[in-house]
Amino acid sequence: MTELKNDRYLRALLRQPVDVTPVWMMRQAGRYLPEYKATRAQAGDFMSLCKNAELACEVTLQPLRRYPLDAAILFSDILTVPDAMGLGLYFEAGEGPRFTSPVTCKADVDKLPIPDPEDELGYVMNAVRTIRRELKGEVPLIGFSGSPWTLATYMVEGGSSKAFTVIKKMMYADPQALHALLDKLAKSVTLYLNAQIKAGAQAVMIFDTWGGVLTGRDYQQFSLYYMHKIVNGLLRENDGRRVPVTLFTKGGGQWLEAMAETGCDALGLDWTTDIADARRRVGNKVALQGNMDPSMLYAPPARIEEEVASILAGFGHGEGHVFNLGHGIHQDVPPEHAGVFVEAVHRLSEQYHR
C-alpha cells in the first residue's frame, strides 16, 4: 500500500505528537459544494451516487481539492446496511429516507439476513478501494457505519422520526425483539466495518446519531452495549498500522466515561459538551473529536476564527484532539466559510503542539 504523506489524523486519534491539530468535517462531501450537486445530478439520485464507485470517489475527493483537510471520509450512507437486509430503502422528497418494509416484531427480525459485505455491500468496498487508489497516500480514508441503535430507529420507525415512539414502544413492550434486532445489527456492522478496513479504510467511525434520545440506563443496554460488542470484534491492525476507532453519540456528553471504557481510541463530541470538561473527564483514556456548532459556519469569518480559537484553548496543549464540527455541515453554508474554518484550525493550533 502507498505510504501516507499526512498521517496527522491517525496520530492524533492515538494521542501521538502532531505539528498542528488535524481537521476534517462531518459531511464534508455534500450539498454545500456546487461540484457535489453537479455530480449528484449526473448520478440521478442519492443511492445511485453511493453505488457508483467512480462517482462516490469523485465526491469523496471534492472537498480535499478545495481545503487542506487531514482526512477523507468514504462517501456513503449509514442506511446501506438495513438496505442490504432487504428493507427497501427509498428517499421521499422533503421527508428523507423511508423503508417499504419496516421491522414490527420478532418474526420480522428473524427473517432478516446478515448481509455479506463483499456481496450485497460490495459496491461500498469497491468505492473504498477506488478512493484509496485515487488518494495516492495524501491523507487517510475513514470508513464508517451507523450504530445498531441508530440503524434500528430507522428500521422500526420506517424512516426518520422526531419522537421515536414506535421504537420506544418496542423497547419497553417487547425488549426481546429489539435486542434480537440490535444483536443482528451488531454482527452485520462488525462484518461491514472489517470489510471496509480490509478494502483500505485506515480508521473507522461509528455514528450513534440517536443514542442521545435514551435514558442513561437504556443507553447502556440498547446502544452502548452493542457498540462495545462491535469495538471488540473489529480489526485493530491492518497494513502494518493500528486502525483507530471513534465512537460518536450525538447528545451523549453525559456518558463519556462509559463510552471511553469500550476500548475505542476516540470519542466524538457534539457542540453541547464543553471540550475542556470532556478532556478532564476522559482525556487520559481517549482522543477527542469536535466540536464546533455547524451553524457557526454561517457567522462572519472573524467570528468563526474566534470560535476555533476558543475550542483549541479549551482542549489546551498536547495531543489527542481532532478538530471537527459537532455534527454534519449544513447544506447552505458558504463554501468559503468552511475554508476559513479549516485554515484557522491549522494556523491557530500550532502553538498548542510546541
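One is the number of the first residue shown, and numbering goes on along the chain from there.
Just so you know, glycine gets a Cβ as well, placed from its N, Cα and C.
Database features (Swiss-Prot):
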type: BINDING; residues: R27, Q28, A29, G30, R31, D77, Y154, T209, H327; note: substrate binding site
type: SITE; residues: D77; note: site 'Transition state stabilizer'
Cβ neighbours of Y154 (substrate binding site) where a neighbour is any other Cβ within 10 Å: 26
Cα-to-Cα gap, D77 (site 'Transition state stabilizer') vs A29 (substrate binding site), nearest whole Å: 12
Densest Cβ neighbourhood among R31, H327 (binding-site residues), 10 Å radius: H327
Residue among the recorded positions R27, A29, D77 whose Cβ has the most other Cβ atoms within 10 Å: A29
H327 (substrate binding site) - helix vs strand vs coil (DSSP): coil
Among the substrate-binding set R27, Q28, A29, G30, R31, D77, Y154, T209, H327, as the record gives it, the longest Cα-Cα distance in Å: 23
Y154 (substrate binding site) in three-state DSSP notation: helix
